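S.K.: Quick one: the structure is below, questions incoming.
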Amino acid sequence: MDFSIKGCDWSKGSAKGFLTGKSDCIVLGVFEAQTLSGAALDIDEAAKGLVSRVIKAGDIDGKLGKTLFLHEVSGIGASRVLLVGLGKQDAFSQKAYNDAVKAAWRALLGTKVVQVTFTLAQLPVPERASDWGVRAAILALRNETYKFTQMKSKPDASAPALKRIVFSVDPADEKAAKIAAKQAVALANGMDLTRDLGNLPGNVCTPTYLANTAKKLAKDWGLKADVLGLKQIQALKMSSFLSVAKGSVEPPQFIVLHYQGAAAKAAPVVLVGKGITFDSGGISLKPGEGMDEMKYDMCGAGSVLGTIRAVAEMGLKINVVAIVPTCENMPAGNANKPGDIVTSMKGLTIEVLNTDAEGRLILCDALTYAERFKPAAVIDVATLTGACIIALGHHNTGLFSKDDALAGELLDASREAGDPAWRLPLDDEYQDQLKSNFADLANIGGRPAGSVTAACFLSRFAENYPWAHLDIAGTAWKSGAAKGATGRPVPLLAQFLIDRAGA
């Protein structure tokens, strides 16, 4: 799809080009109480009051998400007008904007419209300018058009008719909106990669598949890729990671991707993604119902790869390192057993009380490995705990950090990106739950505050740099009829890096 930006001040009569320009459809907003948006007023005047008459006749009442097509409207160049209900004007919000935009795209995608003029980005969203509206609209469109059919015998290769979208924006926002459009496309491409990796079955998206994906990213985007195999992982004494991997016939991989957008001496931001390509629970076997969704236990890895792809496409002036420890967690005669004690790369011994708490066992060695980069910050991303779903549901990602400044940056990025996160506690008192009679610490801390104690475990291996942990167990994928990977938290991570890069 092609996206272009044009400045237009509807209040100053500069909309002639939009009124007379040829397109298949122009999209206008209508508030409840028969109130037209600025663009709709101009179109209504050019059409000699047709829009007003349609509203007064009750064909569209302005309720949020309602849509109505008008055909062959005189006085304008577009062959159709799409009216979109915006709800109550005094209650118009970011969520209302997103809902209206989603309704518009769904209506348009059900037609053979090829070129659209889109005016909704200029709507008065509190604390937002046109550039934000453009970015949100592009991401919404890409989300609506995403489909995963690669594994079907007859994949759906059809593309939507919609090819060209012209956004009208406030003239003062035109430059920023062009940047926002490019960032949105890069971000959507990164999210699509994350979703594709998550949606692939575990017999396809293996650790080796993830490693090959990283190598392809390096080739396509000028990154440096280091993929460490079993012997190299053993040489690094990552025995905690290997204790999880040994129960599977699939060989483990330790992936390191480097993106250099700043001076070589500049400290990088390191992203660490959990890459359990299938999690059976190991000897502490999970229930059979819903176990198919454990292919999504590598969504942390997928989001890290998707983020670095987006960063490379944006060309951000920042250095980023992506680390992915990846393996399967399977039951076998040589698999981890409850009560086993393993030694981490850091040297701390860990009593494995539950083999289904394996994510922290692979992440702890990756967090130790990250020290060699002398990072500006380290953020790990993992589908780590069901307890986080109990605490936060499926809307907010769990955020843990002892660094208030870093946590604040991530929360700001989450709000800007519309990819919400919620900070949870990481008090030292919770560490007591991880005490072991036989090792330096246990890999679980009991049922109370399960997501907190998991983060506390990781914090023991992240003491030498600013660190944050994102628990995406509730936000990385959806179940039910809409089952599939979401692409989160790529928007949050990318926005954090955009902000860090000053882009």
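We number each residue from 1, going along the chain as drawn.
Here the Cβ of each residue, glycine as well, is placed from N, Cα and C on the backbone.
Given the structure is predicted, the values throughout are model-derived calculations rather than measurements.
Per Swiss-Prot, the features are:
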- Lys274, Asp279, Asp297, Glu358: Mn(2+) 2 binding site (BINDING)
- Asp279, Asp356, Glu358: Mn(2+) 1 binding site (BINDING)
- Lys286: active site (ACT_SITE)
- Arg360: active site (ACT_SITE)
S.K.: Mind checking which of Asp279, Asp297 has the fewest other CB atoms within 10 A of its CB? They're the binding-site residues.
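M.R.: Least crowded of the binding-site residues Asp279, Asp297, by Cβ count within 10 Å, is Asp279.
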S.K.: When you average the Cβ positions of Lys274, Asp279, Asp297, Glu358 for the Mn(2+) 2 site, which other residues in that chain have a Cβ within 8 Å of that mean position?
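M.R.: Neighbours within 8 Å of the Cβ centroid, excluding Lys274, Asp279, Asp297, Glu358: Gly275, Ile276, Met294, Met298, Asn329, Gly359, Ile362, Ala382, Thr383.
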S.K.: Which whole-number value in Å describes the distance between the Cα atoms of Glu358 (Mn(2+) 2 binding site) and Lys286 (active site)?
M.R.: 12
S.K.: Quick one: Cα separation, Arg360 (active site) versus Asp297 (Mn(2+) 2 binding site), in Å?
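M.R.: Here the two Cα atoms lie 12 Å apart.
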S.K.: Taking the Cβ of each of the binding-site residues and counting other Cβ atoms inside 10 Å, which one has the highest number: Asp356, Glu358?
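M.R.: Within the set of binding-site residues, the most crowded position is Glu358.
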S.K.: Can you give me the Cα-Cα distance between Lys274 (Mn(2+) 2 binding site) and Lys286 (active site) in Å, rounded to a whole number?
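M.R.: Distance (Cα to Cα, whole Å): 18 Å.
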S.K.: In whole Å, note down how far the CA of Lys286 (active site) lies from the CA of Asp297 (Mn(2+) 2 binding site).
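M.R.: Per the Cα atoms, Asp297 (Mn(2+) 2 binding site) and Lys286 (active site) stand 13 Å apart.
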S.K.: What's the CA to CA span in angstrom from Lys286 (active site) over to Asp356 (Mn(2+) 1 binding site)?
M.R.: 8
